[in-house]
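Since the structure comes first, as structure tokens, the remarks are kept for the end.
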Amino acid sequence: IDRDTMSSMPLVLSIVWYRLAGLPGEYQEKNISSPETNYCLLSDLIIWTQYQIQLAAYTAAGLGEYSTAVTEYTLQGVPTAPPQAVEVTAVSSSAIRFTWNPPPQQFINGINQGYKLLVWPEHSPEAVTIVTITPDYPGSRLTGLVVGLRKFTWYLGSTLCFTTPGDGPKSPPILLQTHEDTPGPVGHLSFTEILDTSLRVSWAEPKDKNGIITGEMEHWGTLEPCSRTTTLELYSRTTTLELYSRTTTLELCSRTTTLELCSRTTTLELCSRTSTLELCSRTSTLELYSMTTTLELCSRTTTLELPRSATLRFRPGSDGKTVISKWIVEGQVRISLDGKEEEWRVVYERENREKQPDVDSMEIPDLRPFTLYRFRLRQENIVGSSPSSTPSRMIQTLQSAPDTPPNNLTLVTATQTSLTLRWAPLPVSEYNGSPETVGYQGVAEVRGQGSGVSGQQSETMLEGLAEWTDYQLKIQAFNSIGAGPWSNTLTTHTKESVPSGCPVNVSVEAVSSTRILVTWSPVPEMQRNGPILGYKVLYAVKDCVDAPSVWSVPGERSVSVLLGELLKYTVYQIQLVAFTQLGDGPPSPRTLHRTKDDVPGPPVRLLFPEVRLTSVRVVWQPPTDPNGIIMGYQIAYRLDAGDPMRFTTVEVGSTARQFTVSGLTGDQAYVFKLTARTSQGWGRAEEAVVITTERRERPSPPRKLSVPQGEVQSRRLRLHWVAGMTGSSPLRYYCLQTRELPTGDWTSHSADIPHNYTAWTVERLKPFTSYKLRMLATNDVGDSNYSKETETVITLQDVPEEAPVIVSVKPSTTTSVLVQWQVHTHLAKHTHTHTSRNTHLAKHTHLTKHTPRETHTSVVPVSPTVLEVTWDLPPLHTQNGLIQGYKIHYWQGDRQNETEKVTVVFVPDTRVRLVNLTCYTSYLVTLSAFNVAGDGPPSEPRGAKTLQAAPSQPSFLSFSEVTGWSVNVSWGAPSASNGVVEGYRVVYQPTQPVQGVSRVVTVDVKGSWQRWLKVRDLTKGVTYRFSVQARTVSYGPAAHCNVTSQPLQGTPGSPMEMSVTKSSSALTIHWSEGDAGAGPVIGYIIEARPSDEGMWDSFVRLLPPSSRSVTVEMDRLRSGVGYEFRVIAVNRYGYGEPSTPSTALAALWDRPFYEEWWFLLVLSLIGLIMILMLVFSLLLHGHNHKYRSCSTGTHTNTPNTQESVTLDNGGFTRDGESEGGEPSPGLLHYSDEDLCDNYNNGAILTESTALTEKPTDISESEVTDSDCEDDHHPKHSFVNHYMSDPTYYNSWKRQPKGLKGLSPASGYEECSSADGAEPYYQTVVTQHSTGGAYTPTGLPAHTHTLPHTLPHTHTHANPNTNPPGSRTPVTGFSSFV
């Protein structure tokens, strides 16, 4: 790999190393290629197998140290192999025995839970019979029975092993047949051809043959006592049999076809499903003697003697005229109390060998303890058995200790200090006592000592055992009577562990100045906990902070070691540990010992600060390695050109640090040697040359500093230089400084490099870090300037210093485990630091490859703790090579130095989620791409704020002003608001129900500024639980606290002699001092309770402690409401008991007249009238002023301002306007009659209306003709002018077409007001013409004088009364309007 590629690799990667635990073999490896990954899924593992897992970090430089091994099992699986060597044999007609060996342990894949025996008929595979067998101790051959099978039937048998997850494969089926048995009863027995001496018997084959029918057997004999019985065996093909004796009874044991009896038989009994047939003969009928009669049992049937026997007493029945040969006792066992019972079975048979005729009791042995029985008895004589007697009453045998031990004792798991056992519990029938008292106790014994555990489970764990110790395990059952027998002993041992003890008798002895002999005794056997593989000697210099050195000594029998290469005359601290396969044990107590002394090293920093022609002052420092106690120094000198063996020597004391040598020759070179001495002798000398001259100066700095690339390693490099000028004084030493890029400061690395060196190995560097170096030289005069800096040097990568820590190993599936680990913090920091340095290198070393350029990023909040960063790929022409991944740097707002983090994403991902962020916090994110050449430029910081989340609980919850009915709750803001706090929720409730009711009260406080609440509805003496939650987008966790609503201990008592006096305007509250409590009273509180509310509230806050009364104005109370008052004393412990409430006092007072409603109404009416009068006066004054202004003006003709007005059917125009401007009155048709009527009826208004051009923003109501009126009749009223002459009513008729062009333009005169107002134009009123047209002033011939003319015939248009843009009214048109 070239250097560019190596330097761009991440610092810390990981490798997982795993193998089967406890077995020799090679490790398997799995590499983790991402430094951000701290977990790994190991797959393709063996089921239910213990693995040993180790983890190490690595870089391009190599592999670091492996972590401590961790062991873990994979999950259980189903067995993958069937039981071995399976044998299946038939043991009876209805039972099959299986014998087999367990599957190989490695194929069980878990904890063996047992075996299943499978049996099914050859032609009915669906009718499977399954029997489960508990596993026995591994290694033994197992046996199991399957019963209840059909007789003489072919079966297939197989077995399998199963674990908790399921069943394993079945063994190959084995075909076998159950044994033969006696056949079942014959069927369809019938008799035909019945004669006096013969009959024919017919029957069918038995339904259950239970074998191969080979023949028949008959038994017969006479019914007389002591008669002879004859037996005849017939083969299967026999069909006819003739008997020539007096046979009375025939027993058929097989199938026959025809049987002829040659005697007078009256009764026939068949041995299979016996039938009784009574025949009537002509001679006689034989009498069958009764064999026995029903026994009558005594009332006291059973007497319990022992837990396993009972005595049965009875009254014998008839013996059937013969001796009783045997008594048969049948028993029935009650299985459960619900009435379920077993079938009757024979429990005891007694032969009457002594032919005793009068037997009335017998003892029944071999009964089961603690079992409910009832019995019945049958007698048997030579003829047969009697019917069973009436059952006895139910009796119960006594309890007894269990008879059998639990079987199948197996070891489930074993650890270093515990063993888990499992066994098959006893059947209920073997408890021999009450099930509630039955239990099991196990014991683990070692060397005659043991520890046990008991319980009722079928599995137990024995804990507190010793590591790596053989134990004998056994189990027994017990009940209330006692314990049963012990099971077979199971021998096993606990697992190996680290030693629990350390080597003893440790002794240390210094052999020389560099060696120490350490001896010890082995770890006590009880503390070894496994085979001791060896010992480790931990040694370090006293008070050294570095990790101690380790010297491993293999072998359990090793008891000494010689430590070498130690520092001379140095105190070491030494400890020993023993180790097993699982790790190290505890260290031994620390032992301190010093190596022996030796000759010292040379003194250091030999200088000559003062040099004269005849004297020199020598200065030095003690040796770096004194190797003992310095006892003195020797200064030796000679001329450099003289005899090399002839020195002048001077000895000084051990405390001397300088010496002046005189009597020298000027301008000569002298050789000086300085030597230190210990008790072992003189050490090595430090030599220097000095010239006795006064022409000295500082030296020049070293030149040509260089670091060859081949001499750069991960933690060291080799620096070369060329010495500069000495300044007429010999160089003494060099000083080296280093600077860590990009932001590090210059620091001294080596301060005493010998003066005659031109190369130096720089140690103690950091791997994969950029450095610059510089040097200075020192002579007797002083230090030179610093040399020129070297080029940037990057140390190589190195293996990580420490192994990662495995956090957890969890089984994931049956063939895999999940390993999670954590890289050390300083390793993670080095990753970030070295990445930055790599970037610096890419920028400043002019590599041939180029870094990619900036990418566009976007940041979007996803949740309160997650931001999603997405980005686009840089353009292809800016990638400058193959992009390997991206580095995302992110930090909180303006806290970059404290909170900056980095995450690395490899291609092809262009999206990453930043997790574990702080809620509702602004983050800045930059992103840069990197390739083998280094990091590209970072993008512009993009900001985003994480979403809000629920806040933390309030920082505190406290109570104040605690009384028996109220409390003031206050709380602190949440330490982490995680958003904008919108409010708080206070919930309180009594801790115990009050009068059977537990009320929960919830109060929501809006806003974040109020963090207190006054609660007043409490019950005295009740403890309440308060909880407060803050709310942003949702409520956070609550802060809880309890408080009891009663005055605290030490608070004052209630004030005395409470009274209230009332005056017309105030209330005065009086009281006297009560008990001050545990502290002085600091004030008083007045509370009031209005009659319409019913709750006490603060009325007057804290009063001085000397107060005994307070006056309150009546206006603070609501009129008509009754009030009660009480006083509370306060001291430093809190609020005390309140005083007795005062009597209710109504707040009534006389209101002044100016607050009555009628006064306010009168005042408002007077004001309204005055406002109306003022407005009316102002209006009148305005009108008078306007008419006065109009009457004082003069009239002048201004030709330049004349307009021509024309009435035509085309419109109404002025000079300078288009014909389409304003509508013409000539276009409007009106009736003369209507017009006259309107005038006569007074409908025509007497106001003058102006025809104006109004702008769109001025309403028509803004200006009226009334502005030109005054108190007198207007002198120039245009309306009155026309109203006085009725002939003018028709003046508005449409003009004839011939007169259209005869109307010249009307003339306008300029009118100037007397007060200097702006000139305005006066409209000239025309006279009515005979043609119905009006003619402007100054036109000849067609005018006539009005009969009633007023003194002034002009109407003045005051511009002050017309809005801007309006036109002066046209003659005649205003009257119409």
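The backbone N, Cα and C atoms fix where each Cβ goes, and this holds for glycine too.
As recorded in TrEMBL:
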DOMAIN    1-77  domain 'Fibronectin type-III'
DOMAIN    82-181  domain 'Fibronectin type-III'
DOMAIN    291-400  domain 'Fibronectin type-III'
REGION    384-408  region 'Disordered'
DOMAIN    405-497  domain 'Fibronectin type-III'
DOMAIN    502-598  domain 'Fibronectin type-III'
DOMAIN    602-696  domain 'Fibronectin type-III'
DOMAIN    701-798  domain 'Fibronectin type-III'
REGION    832-858  region 'Disordered'
DOMAIN    851-949  domain 'Fibronectin type-III'
DOMAIN    953-1048  domain 'Fibronectin type-III'
DOMAIN    1051-1150  domain 'Fibronectin type-III'
REGION    1192-1229  region 'Disordered'
COMPBIAS  1192-1207  compositional bias 'Polar residues'
REGION    1247-1271  region 'Disordered'
COMPBIAS  1259-1269  compositional bias 'Acidic residues'
REGION    1345-1377  region 'Disordered'
COMPBIAS  1368-1377  compositional bias 'Polar residues'
Residues from the same chain, set at least six apart from the ends of the region 'Disordered' (384-408), whose C-beta lies under 8 A from its own: 134-137, 291-297, 301-302, 304, 306-308, 310, 312, 314, 317, 320, 328, 330, 332, 334, 344, 367-378, 423-426, 430-434, 438, 440, 458, 475-488
Any contact, the domain 'Fibronectin type-III' (1-77) to the domain 'Fibronectin type-III' (701-798), with at least 3 Cβ pairs under 8 A: yes
Confidence summary for the domain 'Fibronectin type-III' (602-696), mean pLDDT rounded: 91
Residues in the domain 'Fibronectin type-III' (1-77) grouped by DSSP into helix, strand and remaining coil: 5 helix, 33 strand, 39 coil
For the domain 'Fibronectin type-III' (851-949), residues assigned helix / strand / coil by DSSP: 7 helix, 47 strand, 45 coil
Per-state residue totals over the domain 'Fibronectin type-III' (602-696) - DSSP helix, strand, coil: 0 helix, 51 strand, 44 coil
DSSP-derived helix, strand and coil totals, residue by residue, for the region 'Disordered' (384-408): 0 helix, 5 strand, 20 coil
